[in-house]
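Visitor: Below: one structure in structure tokens.
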């Protein structure tokens, strides 16, 4: 059994932000931190006070996280980025909204005394003395303290206060992972209600000391338990009066949804998985109850999630093609008009969307990547709508004469024709590159539609059915929003965005088979008609070849593609292998090309290099971040592994930004999560000279000073399938609509009482719906008998509520 938490985060837009630049504008971006750990950075939107981001993320976390904070920053090229403001949502706040937090939130000023992080290790004892009881507080160590100095560290000490008496530990220089092992004693009086306050501070020689956080201990509770030892989370000082600046710093529109799940062992989900798979295998030949019922009881707002979960479950069982084929038949059975076929947000449409993103994303990158990159690099002004042509955006064609509107339109048409032609040519050449399971699925779709709508008058309908998914729901959205499909790291500027939009419209016209209705919508697209008309013929030829795949060819192609073992992640990184001697500087990193597969992390000078080194995946013990001070630069991670002789080794890799850092960490953690010998602790610093830079320990192979974060990952399109989690999510959905399922069961069984599943299947054959209700009942009992699924609270009962 495993407890898992996932955060869905959508950063929509900001408004009324203050101007930070001398131009009266700002260059805003967002940093998202979970418990003060940066995990996401949005793109920068230049020169605006009302930025639109529209970025979505799914973050997997341990259920013990406390808060997520959104920092709006202003990017500066020459100086440090300015902090505009922040929005902080605690775990309890998010959990109090079952459907998620959604709306505008005012930005507040960032108070240094509230920017605390880390934990402190304390041992607390009450023991009898000669005249009165004594309170003994041992301050052992701390970890992950906030760096307050410019060198990326702090000089921490601890101040312990009780009943007017104050004691302080020694100062540990340049460490966010200090060790003190100092003990203080105080006299306890009967009935005394005062709390014990333990504060961490950063010592400064010239300026005032910086607050690092505090813990308030309930002494009365400590009297009862007599002794307590553990890690206590540092809290901000909330006794200070806050400035009322809400609204002055602008607002941020967010969507945040928390999902907590208790995932049972695989054996508990087997009856549910077998039942659903049996229904799909029977297809339209069986009773056909469950899949239509699931669609019928699924609301519009959760249909995409349900479709994705079902698709991933059947993909893991090798039944994705059969599942989608069943949905195609169900949709066709209730469709009489060809112009509405697969145009609604049905379970079939949503499932195919998810299917293409899971199974076809690498194919999409291969076809669209070069064209999208060229559009971004050229940055040409492109416009076909005469009412939107602006001369100031055009520039000059010669030394003196600006271009006329007609010249702009003609040049724009030429540019778009070139891009569209290149895209269609790339698509025509990509038949063999398309995954076999995608080709086989489209083959089934093509055949089903042709069977449902035979005749010459419906000749184009099977082609339009395929393009409604391939072009309208996959290629066109990727062209319009390349960042959301991981084709680019940043959003397009206004000029490039307009070019992409026009190109996407042209692709849609080709996908619609150049129908008169699509032509009539925007007459100014007429200059592209020759290319669109030619593209229709190319696209029909491509689809004819795409769906021309037999079972044997499908298996052969699948085997060929699987032997290639596509990388989980790849790209250039900088590597440093420390020998522990001399200063470690960022300049000592060497640029190499890395490729992570399900077998190894390999690296070479170039992607095509024949000679490469590798780290076996089974030898990886942890993948974690490195303190900024260690190399004088940020975005460094470490891969801790063992060599063939079993000796521990560490490779330090530098990324170019926080997003790339977290993407690589996520990928490494996901593929190594089931390794034996994973570390529970590590050193976030480096071993320099004779000690660790983080905690100053002198034992190189000793226990780490910080806990590993193997469960903190970002969800990506190429994540490994998690069958148990998908089954749990499907169970959770079915549990939510159980009343509707019982209602349908009563209708089918002639008014039987709700909650009474037939118990004698030998006398009356138990239908699939009755079996499903029985499975849900068994899973509910399994969850009830397991430990509580709610996230654990703080391990210490001595923390006093701070207001």
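Any Cβ shown, glycine's included, is placed from N, Cα and C.
Features from Swiss-Prot:
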type    : residues           : note
BINDING : 21, 27, 74, 76     : Ca(2+) 1 binding site
BINDING : 21, 74, 76, 82     : Ca(2+) 2 binding site
BINDING : 149, 202, 204, 210 : Ca(2+) 5 binding site
BINDING : 204, 207, 210      : Ca(2+) 6 binding site
DOMAIN  : 566-673            : domain 'PH'
ZN_FING : 675-711            : zinc finger
REGION  : 781-803            : region 'Disordered'
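Situate these features within the shown structure.
Guide: All protein chains shown were included, and the count of other CB atoms within 10 Å of the CB of residue 76 (Ca(2+) 1 binding site) stands at 13. Reduced to three states, the DSSP call for residue 76 (Ca(2+) 1 binding site) is coil.
On its own chain, residue 82 (Ca(2+) 2 binding site) has 20, 73, 74, 76 as residues at least 6 apart in sequence with a Cβ closer than 8 Å to its own Cβ.
In three-state terms derived from DSSP, residue 204 (Ca(2+) 5 binding site) belongs to neither a helical nor a strand segment and is classed as coil. The Cβ of residue 204 (Ca(2+) 5 binding site) has 13 other Cβ atoms within 10 Å, all protein chains considered.
Using a 10 Å Cβ-Cβ cutoff, residue 207 (Ca(2+) 6 binding site) registers 6 neighbours.
Over the domain 'PH' (566-673), the average per-residue pLDDT in this prediction is 87.
Remote same-chain partners of the zinc finger (675-711), defined as residues 6 or more beyond its termini with a Cβ less than 8 Å from a stretch Cβ, comprise 4, 37, 60-62, 141, 143-144, 172, 175-179, 578, 580-581, 583-584, 617-618, 620-627, 629-631, 638, 640, 642, 648, 652, 669.
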Visitor: Could you give me the DSSP helix, strand and coil counts for the zinc finger (675-711)?
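Guide: DSSP classes over the zinc finger (675-711) add up to 0 helix, 8 strand, 29 coil.
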Visitor: Cα of residue 21 (Ca(2+) 1 binding site) to Cα of residue 207 (Ca(2+) 6 binding site): how many Å, rounded?
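Guide: Answer for this pair: 28 Å between alpha carbons.
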Visitor: What other residues of the same chain, not counting 21, 74, 76, 82, have a CB atom within 8 A of the CB centroid of the Ca(2+) 2 site?
Guide: 20, 26, 27, 73, 75, 79, 81
Visitor: What does the structure give for the C-alpha distance between residue 207 (Ca(2+) 6 binding site) and residue 149 (Ca(2+) 5 binding site)? Integer Å is fine.
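Guide: Residue 207 (Ca(2+) 6 binding site) and residue 149 (Ca(2+) 5 binding site) have their Cα atoms 11 Å apart.
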Visitor: For residue 210 (Ca(2+) 5 binding site), which DSSP three-state class applies?
Guide: strand
Visitor: List the residues in the vicinity of the Ca(2+) 6 site, defined as same-chain residues other than 204, 207, 210 with C-beta within 8 angstroms of the site's C-beta centre.
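Guide: Checked against the 8 Å cutoff, the neighbours are 148, 202, 203, 206, 208, 209.
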Visitor: With a radius of 8 angstroms around the mean position of the C-beta atoms of 149, 202, 204, 210, what other residues of the same chain does the Ca(2+) 5 site pick up?
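Guide: Neighbours found: 148, 154, 155, 201, 203, 207, 209.
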